[in-house]
Amino acid sequence: MADTTPITAPSPAPPSRLRRAWESDLAWSFRHAPVAMASFFVVTLLILGAVLAPLIAPHDPFDPATLNLMNGFTPPGQANAFTGELFLLGTDDQGRDVFSTILYGMRISLFVGFSAVLLAMVLGVTLGLLAGYVGGWTETIIMRIADVQLTFPAILVAMLIFGIAKGITPPEYRNEMAIWVLILAIGLSDWVQFARVVRGATLVEKNKEYIQAARLIGRTPFSIMLRHILPNVLNPVLVIATISLALAIIAEATLSFLGVGAPPTKPSLGTLIRIGQEFMFSGEWWILLFPAATLLALALSINLLGDWLRDALNPRLR
Amino acid sequence: MKKTAFLAAALLAGTAIGASAETLRWARAGDSLTLDPHAQNEGPTHTLSHQMYEPLIIRDMTGAFQAALATDWAPKADNPDVWVFNLRQGVTFHDGADFTAEDVVFSINRAKSENSNMKELLNSIVEVRAVDDHTVEFVTDGPNPILPSNLTNLFMMDKGWAEANDSVDVQQVEAGEKTFASSNTNGTGPYKLVSREPDVKTVLTLNEDYWGNDAFPLDVTEIVYTPIQNAATRVAALLSGEVDFIQDVPVQDLNRVAQTDGLVVKTAPQNRVIFFGMNMGADDIENDNVEGKNPLADVRVRRAMSMAINRDAIQQVVMRGQSAPAGMIAPPFVNGWTEEMDSASKTDVDAAKALMEEAGYGDGFSIQLDCPNDRYVNDEAICQAAVGMLAQIGVTVNLDAKPKAQHFPLITNGETDFYMLGWGVPTYDSEYIFNFLVHTRGSDRGSWNGTGYSNPELDEMIVSLSSETDLDKRNATIQAIWDVVQEEQLYIPIHHQVLNWGMAEKVGTEVSPEDDPKFKFFTMN
């Protein structure tokens, strides 16, 4: 035995980070889900469009000084009868280029969506961890608040928060504040989902041996929650966050559609749809159709991605 | 003579009795602001009141005077300072009480009281006295030849009912007060209130004991009034037959409605002008970015802002031709209107920029524009267009559009710096405009003057109008007042509205220039 040196195969160079990611289970599952790939492509395209809007968009619809009312209601791809200007997707009632307005509107929709989900996630995960780990009265109070809030539709809670916030902001800041208020309203209406899932997962994790060990060696509760429990409950959080993103974008669109969200001078996708639906019967279909189609594509792709992520991360479904 | 004609009409109409019950489902963008008939001098509010309450004199659907609760009226032969009104006999309120001279005295005094929003129409009246049960004398401060035209929206309430229900004082709408009379009615009118949920639904039913049962068509036996703010929803309701009559067909949908079988659109120029008001009276305004001074106080800024507005573009694109650009805040129906003044507005962005520079605002300033979104045709879209136009001369406008119930108190409370308002002139005379919009805001005039403008000399001229009997002299004063209003650019006129009523074919009516359908005149086939 001693003289026989084991013949080891020449060990391959450690795979690069990228390579490891490519070969991971998640990536494998992604490569075998055409729907997920298509959704990912659409989402990426739309996000790129939104982020690069100032470079791509032919007009800046948020600068009222550049608008010419006479360009109003130009059909897509046709020259305006008065000014002779041409617009790819036509113009709306104020003479704004619909294509540019969609790109800029999407910036608002995505920004509000991402920020609101981030807020909901931070709030929900923190409260969920606290409720699950500390237990007792803390848990009762947090979870009962969550239960009460769940009995109201999220959009109603958001409208309530929006109404209060609008009432207390001084009028001269109202337009600038509108977007932050939207984020606050949607974020606060959406934390419950995160809190419930995280609490449930925490309850399971906290009795496992590694947590008991961590407790025995004197780790503080804060450090245990952050370092040990949190990483192990993140998978479901990621899934909820993705689906919440689609919901938040739709919630923003709904609020703006109802006229309580983004102001008409700085329209988001929902505001554009609200403007467009006024011209539904009169033949100016492009004002409604293009923003609505964009919102549909955005929300649907994010939702499909979320679905795929849920399946991919759920070991029981594999 | 009048009586026999009335009797003949009654006999003729008698044959029509027994017509089947007809419900008219009626929609417009906004609701009445209150049921208290003296609390808000506002079109849609009066329109709903007209179905349940009646004035002494009414305007029919063409705008002509018609006897309502008064049968005839004339200045006293020996004293031109006194108008004598003979009241209709045998009229009862909805609760059965008799309508008498006492009720007229009570109603006029109520409409003249501190909280009333109608007092500008009555400030020439010194005293109202009941001579007997069916004769009333109005004593004016000097002869007032146009008094009757001030009374067409002044509704008569029952004294006993108001006293019994703690409604002698007029409701203070701006303070958010609710009274019995703001949600209940007891008029003499052709329809009685069945139920009301503000901004949702109001149901009226025919008053079986109405004095005019035989004198008017009264084909409509029930009215269901549902305000529908959203233009597309409103027109969809008409197209689908959910409502029979809408007062404001969106301009983009006129063709669509007109081409739909069973629907008609009737169009007429409206006695109403749309304009922007500016708070020029304050030392420093709230919602701007200029500290310590008020840019709107400078007439050059006001003129520049007016010159930046491209009224033709608004007419062509936003209104699709359904408006007439305005140069003054009086509609062409009104005594005092001149074509010269009405075509005074010129668009000239370069000259406007130069004026801004000269006034020291070459870099512009920012300001908030308050705008209603359920009152005038395309009100919010007009404001939005103005935002773009004003941006070209460096004025950054934050637009805040909201329902009229929240918008109007800003003006009457003086809490807005820059606002949209539309003004109809039911008296067809400039004095009405001056009293409400130009006179210094005070206890009996200027209640809708949100500009803070105050010119004692002009005030004196305005007050003199109510007692000037020499019509030439009076018209000269009116012209002189208009010259100042135009010179000072007190308001920024936008356009005169055009009315587009959409209705099912069975609904028969003319379009009244006041935009106030009175359903007793409607026929239903």
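Any Cβ shown, glycine's included, is placed from N, Cα and C.
TrEMBL lists A:106-306 with the feature domain 'ABC transmembrane type-1'. Here TrEMBL flags A:35-57, A:108-133, A:145-165, A:177-198, A:233-258, A:285-309 as transmembrane segment.
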Residues of the parent chain within Cβ reach of the transmembrane segment (A:145-165), under 8 Å, 6 or more residues beyond its termini: 127, 177, 181-182, 184-186, 188-192, 195-196, 247, 251, 254-255, 258, 260-261
Recorded stretches the transmembrane segment (A:233-258) and the transmembrane segment (A:35-57) touching, at least 3 CB pairs under 8 Å: no
Among the ranges A:35-57, A:177-198, A:285-309, the one whose Cβ pairs under 8 Å to the transmembrane segment (A:108-133) are most numerous: A:177-198
Tertiary contacts of the transmembrane segment (A:177-198) (same chain, 6+ residues out, Cβ under 8 Å): 108, 111-113, 115-121, 123-125, 127-129, 131-132, 142-143, 146, 149-150, 154-155, 157-159, 161-162, 165-166, 169, 233, 236-237, 240-241, 244, 247-248, 251-252, 255-256, 261-263, 266
Other parts of the chain folded back onto the transmembrane segment (A:35-57), taken as Cβ under 8 Å at six or more residues beyond its ends: 97, 99-100, 103-104, 106-107, 109-110, 294, 297-298, 300-302, 304-305, 308
